[in-house]
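Engineer: Quick one: structure below, then a few questions.
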Amino acid sequence: MKLSSNILNFGFFAAGAAQVALADNGGGVGRIPFSKHYGKNAEEALQNVPLERAAGNKNEGMVDITNQNVYYSANIYLGTPGQELSVILDTGSSDLWVPQSGGFHCPRSSEEVAKGNGSTIASQLSSVARAEGGPSPSFTTTLIGPSLAARDEQPDCQSVTGNFDPSSSSSFKKNNTVDGFSIQYGDYSYANGYWATDDLSVGDIAVKNMTVAVADDTNSSVAVFGISYRGLESSIYSGNLQDPHEYENFPYLLKDQGIVKRNAYSLYLNSPSASDGSILFGGVDHDKYSGNLYTLPILETNGDSDPWERFVVTVQGVGIKGSQEQTTLTTTPFVGLLDSGTTAVYLPEPVAQMIANAYNGFFDDDPEVQAYIIPCPSDDEKLVFNFGGFNIETSLDNYISGSSDGQCLLNIIPTDGYMGILGDFFLRDAYVIYDMDNNEISLAQAKFDSSENIEAITGPIPGATRAPGYSQIFSGPEPFQTGGNIF
């Protein structure tokens, strides 16, 4: 048996271009549908037909799973008149940056792609670990993904999302009073440039004087639209800044300009077989979840006066559930980063090993695999996460890629320490509301329903209640223990 795996390191959550509709409900809601794409990297994915997913049926023979990253595409119009660009909307970063005409070039060496400052998965988790008083985590799997190699194979590589020409926009204003822009992602793609402001529209949403970074030096052919906390803005987060500064990024600007009442948005990835999903700024769609909508506190990850910068919550336990039985694996708490910008799920190594053991699996350390191998599970198997009094059930099939001789790759990546990332594989089965005004996350079991029941967020999250274990937040590392009861 030979299974080939190039596990995703740090993908982007790509935001969806379709049109934005404002709900006429007195509150103001901006809805952005997005289309799903699959590929080795964003460039390949965005050139494919939406939902053109690489073969990965667990009943087939050997499958190379390097094509299993998922991206969600969207269009923006920047400048006056508006110049159309496709963007990757990312909940794990905070800047909108676009490639300037002539600024993109193919990466040629590892030294070249290492330029710039910024955040890899390891640095993300390390910064949270330091804030929570624990050791910096490390990874037992390689974090370098396939995207750079794939770009090297493109002799005529060029931007697949469009370029921005500042000289063609009458509303463009370059900011010459601050440090330059620099960011690096977990696959070592980077962008360097300068800051500016310009007018931006996305469907029916239009904002004035949006801060944007224009990259005149980048090896990434896709523009990125970050919608996280201001604390992750490259203008203050990147190293070696002479004059760090904070600005109102897109979610904050929507509230400041009266487009929405609250700085909060909800994310619905839809079923794996669906070709689209949606994000609502300033609203919640009650038809997109089942059961109760529970609220959790976002953990403080920065020691200064504005300590929230990442969407991290306390995970209180993990279990498995089948058609006949359910088993709690652990109730030892750990920290989970809810990041739609990461396709895979990263869990503390003891937890990942418990899951593999529960399915009689093992970790294959072959350099071409570097993944857990388990007997291919039935379709009704669930991996369950507890958040202090309520569970989110996720289909185990989300985590399965490729098979050979009845053995499947389990795409749960182990990390040292107590930090985890709950990426796309988890978020497919969750309805998530990111409330940056109250520094809270609301979660419910996703319901794959085409109907809509949208309500504007004008105060507390409509329909949400505090989780029974709301106050039981992560207080520091402790040895992982098996057993307990989350059911």
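Cβ coordinates come from backbone N, Cα and C, glycine included.
The following feature annotations were taken from TrEMBL:
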type	residues	note
ACT_SITE	Asp90	active site
ACT_SITE	Asp339	active site
DOMAIN	72-444	domain 'Peptidase A1'
SIGNAL	1-23	signal peptide
Engineer: I want to verify one value. Collapsing DSSP to three states, which class is Asp339 (active site)?
Structural biologist: coil
Engineer: Other Cβ atoms within 10 Å is the metric here; tell me which of the active-site residues Asp90, Asp339 scores highest.
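Structural biologist: Within the set of active-site residues, the most crowded position is Asp339.
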Engineer: Cα-Cα, whole number of Å: Asp90 (active site) versus Asp339 (active site)?
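Structural biologist: Here the two Cα atoms lie 8 Å apart.
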